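Structure first, then comments.
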Number of protein chains: 6
Amino acid sequence: MTRADGRSDDELRPVKITRGFQKHPAGSVLIEFGDTKVLCAASVTEGVPRWRKGSGLGWLTAEYAMLPSATDTRSERESVRGRIGGRTHEISRLIGRSLRACIDLKALGENTIALDCDVLQADGGTRTAAITGAYVALADAVTWLGAHRRLSDPRPLSCAVAAVSVGVVDGRVRLDLPYAEDSRAEVDANVVATDAGTLIEVQGTAEGATFTRRTLDAMLDVSMAGIRQLVELQAAALAAPYPGELPGAAS
Amino acid sequence: MTRADGRSDDELRPVKITRGFQKHPAGSVLIEFGDTKVLCAASVTEGVPRWRKGSGLGWLTAEYAMLPSATDTRSERESVRGRIGGRTHEISRLIGRSLRACIDLKALGENTIALDCDVLQADGGTRTAAITGAYVALADAVTWLGAHRRLSDPRPLSCAVAAVSVGVVDGRVRLDLPYAEDSRAEVDANVVATDAGTLIEVQGTAEGATFTRRTLDAMLDVSMAGIRQLVELQAAALAAPYPGELPGAAS
Amino acid sequence: MTRADGRSDDELRPVKITRGFQKHPAGSVLIEFGDTKVLCAASVTEGVPRWRKGSGLGWLTAEYAMLPSATDTRSERESVRGRIGGRTHEISRLIGRSLRACIDLKALGENTIALDCDVLQADGGTRTAAITGAYVALADAVTWLGAHRRLSDPRPLSCAVAAVSVGVVDGRVRLDLPYAEDSRAEVDANVVATDAGTLIEVQGTAEGATFTRRTLDAMLDVSMAGIRQLVELQAAALAAPYPGELPGAAS
Amino acid sequence: MTRADGRSDDELRPVKITRGFQKHPAGSVLIEFGDTKVLCAASVTEGVPRWRKGSGLGWLTAEYAMLPSATDTRSERESVRGRIGGRTHEISRLIGRSLRACIDLKALGENTIALDCDVLQADGGTRTAAITGAYVALADAVTWLGAHRRLSDPRPLSCAVAAVSVGVVDGRVRLDLPYAEDSRAEVDANVVATDAGTLIEVQGTAEGATFTRRTLDAMLDVSMAGIRQLVELQAAALAAPYPGELPGAAS
Amino acid sequence: MTRADGRSDDELRPVKITRGFQKHPAGSVLIEFGDTKVLCAASVTEGVPRWRKGSGLGWLTAEYAMLPSATDTRSERESVRGRIGGRTHEISRLIGRSLRACIDLKALGENTIALDCDVLQADGGTRTAAITGAYVALADAVTWLGAHRRLSDPRPLSCAVAAVSVGVVDGRVRLDLPYAEDSRAEVDANVVATDAGTLIEVQGTAEGATFTRRTLDAMLDVSMAGIRQLVELQAAALAAPYPGELPGAAS
Amino acid sequence: MTRADGRSDDELRPVKITRGFQKHPAGSVLIEFGDTKVLCAASVTEGVPRWRKGSGLGWLTAEYAMLPSATDTRSERESVRGRIGGRTHEISRLIGRSLRACIDLKALGENTIALDCDVLQADGGTRTAAITGAYVALADAVTWLGAHRRLSDPRPLSCAVAAVSVGVVDGRVRLDLPYAEDSRAEVDANVVATDAGTLIEVQGTAEGATFTRRTLDAMLDVSMAGIRQLVELQAAALAAPYPGELPGAAS
């Protein structure tokens with residue numbers, strides 16, 4: 001009943017956070033949850049969408065996508081199909097909502113931060129890795145905005161945000177599912193929470209069977225413990241000096 | 001601190017279920033949660049999508065949409081815009097997943113049931129009304145399939161499915177939010193569950209603030225009580241004879 | 001040689017007009033021509049399209065659509081296909097042209113009225129039912145605009161507009177064809193006219209065979225008589241007080 | 001009260017029919033109604049659309065389009081906009097219906113004829129010129145099919161088809177309107193008829209004002225006389241030998 | 001080893017340039033390279049795209065398209081497919097770049113010239129015929145702009161531009177390939193050059209095999225000689241007076 | 001007159017080739033030309049497109065794309081815009097053509113290789129880096145196919161393929177332009193060639209000015225020398241053992 005990769009049920013996969021992966025965006029993070037690799041970029045542009053102009057508030061938006069070569073079997077490019085699929089839409093919206101929960105859009109001033117989360121390699125948990133990495137990229141972009149004196153308030157981030165998946169596999173509650181487990185999970189949940197232990201988003205879904213309140217509670221316990229570890233890893237990564245030179249003013 | 005419509009915090013809006021609203025589909029239900037009105041149709045077609053052919057399994061799919069005139073301010077038609085929005089995609093997928101949880105696709109045989117949930121009037125909770133009404137339309141379509149001897153197994157439905165929204169408004173946990181409450185809720189959740197009291201889907205989202213495990217628990221308590229009432233109303237509606245003549249064989 | 005539903009050749013199906021079907025639009029009418037049911041909503045928005053700004057003239061536009069579940073066999077959703085079909089385009093344009101014939105766009109001021117005609121159930125004659133119902137919704141929207149003092153001239157409607165289908169079936173000229181007759185008609189026409197007996201639009205089409213001037217004349221005689229009855233039914237419906245409360249200022 | 005181009009009210013513009021304008025299609029006709037020039041090509045392909053396979057019946061389809069440079073002010077290319085407009089859809093459907101009225105699809109065998117009507121220069125009446133020219137291209141394509149022994153029956157065309165516009169301008173019924181008249185017509189009609197004097201399609205539309213039965217009758221009288229002349233011009237054009245070499249077998 | 005059409009290897013097909021083919025655009029040229037016929041229109045509109053406003057510079061853009069009936073086998077309409085293919089994009093961009101090389105956009109003032117190159121009949125070399133014809137249409141449009149006093153500088157054209165294809169067929173370098181040669185060429189190149197003998201664009205592509213520098217040199221020699229002839233033909237065509245009346249001010 | 005990055009005019013930027021960057025595709029290479037980084041993946045799927053079935057021949061296709069965060073200013077996602085731009089189409093086609101020149105599609109058997117070239121960071125020369133990297137990924141994919149006994153012939157690659165950009169900047173011919181040079185180049189060329197020194201594709205474009213044959217010759221000299229170095233670097237990279245474990249059978 002042990003997991004194929006030797007982990008215990010409540011153990012995260014190895015997490016690796018590489019800041020400054022790209023030179024152009026104000027924040028650029030390659031995050032790895034085991035074999036899942038997501039490139040999270042935070043690009044700053046002056047101004048806000050039309051419907052928000054003159055409000056004094058900033059805006060934060062997110063887009064999630066997968067390289068065709070990221071998956072086991074090559075997946076078709078959404079630009080070629082000419083339309084974005086429901087899953088992509090759903091995850092992009094989740095990332096945006098999750099990160100907006102930690103930022104004071106007034107402090108941001110009339111700037112827009114676009115979070116692009118592009119999956120380079122997929123092995124389960126791409127959306128939770130994306131959220132966890134996007135927070136680090138966002139923190140770097142906020143530092144960059146501060147250094148360029150473009151913030152209305154010096155500390156727009158009120159908390160850290162991380163996310164993890166959890167599921168019931170072979171009747172056991174397990175943390176941070178790789179694709180091999182995820183694809184046969186009976187229940188599947190994604191939890192987004194803060195470093196203060198409060199929740200931002202809970203999404204639990206039965207796959208085939210239904211589940212009890214007790215199971216939901218067990219999944220929440222395990223995932224909150226996982227998120228505590230993830231926020232520590234984020235903090236450690238951000239404590240290091242920015243690698244390489246900072247992006248220029250143009251972002 | 002009472003609600004604008006005079007309800008107590010854990011009280012549903014008046015629910016009305018009208019079966020047989022349209023003559024063509026095998027099941028057609030107009031469901032009303034207060035001023036929210038959703039037309040839920042279950043259309044049967046012989047055969048399954050290409051990727052499923054020869055499997056002996058049936059398929060169930062769902063599409064959600066809103067009439068332009070359903071909302072307070074007229075909304076643009078997605079067919080005119082030429083693309084389906086993220087919110088529509090997200091809700092269509094939720095309805096499909098929720099209803100697939102209660103049906104044995106093997107018993108269905110190689111038939112496809114399409115659940116169309118078209119919002120005629122929107123006042124909050126359209127997705128939960130849609131799921132609750134779609135279950136009744138699905139039950140009628142299954143009866144119709146049985147009557148036409150097109151089921152592999154006479155009882156493909158393993159449970160009833162209903163859904164309700166719940167949120168934190170003015171610091172209080174409240175059930176079944178109308179638009180006026182929903183638009184200023186601090187936390188917003190949708191819960192889909194069965195008549196056995198087990199969960200199918202839980203989606204809780206912070207809007208601006210974050211929320212605690214304790215708040216999540218309170219929201220789940222209130223929503224499960226609401227769902228118990230909804231499954232009773234479904235059962236009562238289905239206990240009545242089918243209004244008018246049954247749809248013909250062509251469906 | 002009698003008709004399947006027992007009507008005489010020049011007899012309309014039972015017509016039912018329900019005003020105030022939806023609470024948000026300024027006018028909302030459910031119209032029924034036998035089993036054909038169309039929901040016609042007239043939504044008012046301040047301002048006009050860009051190309052008309054500053055002209056002092058208002059604008060009226062129309063969109064026709066069908067629910068997937070409205071037809072005998074479920075039809076695919078145009079929003080899902082990503083494009084609007086030729087038939088939909090054609091009918092939307094016809095409705096818009098027909099209703100613009102009765103309204104003084106100068107009297108309307110720089111307001112736009114959008115007429116949404118959504119077919120809930122189709123059994124032939126959906127476009128003529130849509131035009132006939134849209135006139136009633138438009139009349140209610142104009143009353144609403146007057147009550148909110150947003151008209152440049154108090155009486156922008158110069159006439160009433162109604163429409164009916166007529167065809168040659170089994171060699172006989174017949175009024176208001178249901179689907180069963182329409183699908184095997186040799187000639188098919190739609191006539192839009194005013195309460196003054198003048199014409200707005202005549203569209204006659206041979207289906208397979210061609211037709212003579214004499215047949216066209218017979219079809220026009222029958223349809224003009226049908227339209228005389230329809231404008232009386234519209235007037236009777238509009239003579240009643242508005243059901244329920246009036247929509248608020250936001251429309 | 002004479003017309004700007006000196007014609008009498010019931011006079012056609014000069015008509016010119018050039019067969020064999022392109023070398024690839026089985027029929028290719030450049031038709032001119034005054035300054036309106038439409039290139040009508042009839043391309044034959046073996047086989048029919050999927051929904052018609054095995055029926056033994058052929059198919060005829062039509063597509064209408066305008067070059068961006070055809071109009072007074074350059075119009076945007078529909079391929080660039082990514083969608084076909086309602087007017088284009090409407091006219092394509094009209095051309096297809098009109099020409100299907102004269103062909104026995106059984107005699108055609110399982111072949112498809114695509115009629116492409118591309119407007120090279122527009123000056124009013126493009127749809128009626130297109131129908132009139134398309135008939136000549138179709139006749140040549142049918143001859144070509146016969147010469148290649150691909151017809152089930154040697155004479156699939158049961159009649160000739162021509163079309164003309166007519167309108168009320170300055171209170172007078174006038175035939176074959178150029179753009180300058182069309183754009184200020186009070187009533188506007190297009191009539192499609194056969195060489196036997198029977199009708200295929202009548203479309204009359206009020207522009208601003210409404211019109212009486214008497215006006216409709218006058219418009220029909222004038223247009224039927226115009227169509228008699230057009231079918232003579234078609235017959236004369238087709239009586240000449242095919243210019244240049246016949247297209248090869250590949251069509 | 002002679003060519004199917006009897007030409008020598010370095011000989012152009014018969015070239016025919018017809019100015020004033022359409023009455024609306026400021027320049028309209030039908031150009032023929034053998035059986036390839038392209039209609040090149042230069043339409044002038046006041047103003048420039050948004051991103052260029054206030055720059056004092058004009059703009060020149062080009063769009064290439066093919067009629068469905070232009071090719072041996074009917075090709076599908078890109079407007080119907082809903083997207084423009086890669087080949088079309090590529091050629092449109094090539095034409096625009098090529099013609100922008102000869103025009104001083106400052107002298108043009110804030111006007112836009114749209115070059116529409118629509119292939120009426122295709123037999124190889126459509127893009128080179130399009131560029132060669134578009135130059136003549138552009139020259140006429142510039143004359144028209146000058147006559148209407150809309151140029152900042154009276155002579156915005158710094159050179160003439162022409163283009164020709166060249167390829168290796170049966171091991172021999174051949175000029176101006178018709179489709180029958182082009183489709184089996186081992187190497188295929190398009191060369192765009194000026195009347196001064198300088199290059200604007202060189203595109204050489206191996207088809208199946210690769211090629212040597214020596215072959216490239218031979219292809220360039222032959223094509224430059226061909227372009228010298230084409231610029232003479234352009235000059236001769238432009239030396240004649242404009243056929244018919246000039247387009248009006250509206251263009 | 002030295003270059004900003006200190007290189008001599010005919011010097012390549014530092015090139016880095018990392019094989020096995022992703023675990024799923026049969027070949028996956030991260031190639032760097034200075035700050036330009038392109039991820040090139042070669043995915044194998046059994047079977048060929050429909051139009052090629054039963055031919056016994058394989059197929060090779062390529063798609064190029066750029067991450068929004070790859071450029072100095074964030075670029076919009078083509079999947080979000082709903083259409084692929086002309087530049088993307090053009091480069092995808094160039095990559096496909098270039099690599100098809102070196103592979104024997106008969107030896108490949110009825111397999112398809114999709115080359116996905118995703119630009120992670122752009123600093124000029126993305127298309128030439130993509131071609132150069134794609135060749136290495138293709139070589140690994142071919143090895144993988146051989147190891148899985150899916151080749152009809154053991155050595156389908158007839159040559160190596162590499163590409164480089166060259167331009168005229170400040171009047172000097174310079175190799176391998178970074179964005180800062182490329183954006184102000186007077187002439188810009190891309191050359192694709194083989195390890196045998198033969199050409200596959202030459203594309204030279206004037207930007208503003210025109211250029212002489214002599215300049216073209218100088219550009220070809222410099223680029224062919226650059227390509228000689230690139231094919232050596234490719235060979236060196238491929239001489240090393242495959243890093244990590246080979247992708248599984250599913251590819």
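Keep in mind that glycine also has a Cβ here, set from the backbone N, Cα and C atoms.
Record features (TrEMBL):
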BINDING   B:Arg87, B:Gly125, B:Thr126, B:Arg127  phosphate binding site
DOMAIN    B:11-141  domain 'Exoribonuclease phosphorolytic'
DOMAIN    B:160-225  domain 'Exoribonuclease phosphorolytic'
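Here the domain 'Exoribonuclease phosphorolytic' (B:160-225) has, by DSSP, the following mix of helix, strand and coil residues: 17 helix, 30 strand, 19 coil. Summary of the phosphate site environment: with the site residues B:Arg87, B:Gly125, B:Thr126, B:Arg127 set aside, the chain residues having Cβ atoms within 8 Å of the Cβ mean position are B:Tyr64, B:Ile91, B:Val119, B:Ala122, B:Gly124, B:Thr128, B:Ala129, B:Ala130, B:Ser165. Applying an 8 A CB threshold to same-chain residues 6+ apart, the list for B:Thr126 (phosphate binding site) reads B:Thr36, B:Val38, B:Tyr64, B:Met66, B:Ile91, B:Val119. Cβ-based crowding with a 10 Å cutoff singles out B:Arg127 as the top-ranked of the binding-site residues B:Arg87, B:Arg127.
For the domain 'Exoribonuclease phosphorolytic' (B:11-141), the predicted model reports an average pLDDT of 95.
Residue counts for the domain 'Exoribonuclease phosphorolytic' (B:11-141) under DSSP (helix as H, G, I; strand as E, B; rest coil) come to 41 helix, 43 strand, 47 coil. The C-beta environment of B:Gly125 (phosphate binding site), restricted to residues of the same chain at least 6 apart in sequence and closer than 8 Å, consists of B:Arg13, B:Phe33, B:Thr36, B:Val164, B:Ser165, B:Asp176, B:Leu177, B:Pro178, B:Asp182. The phosphate site in the record is lined by B:Arg87, B:Gly125, B:Thr126, B:Arg127, and its two most distant CA atoms lie 13 Å apart.
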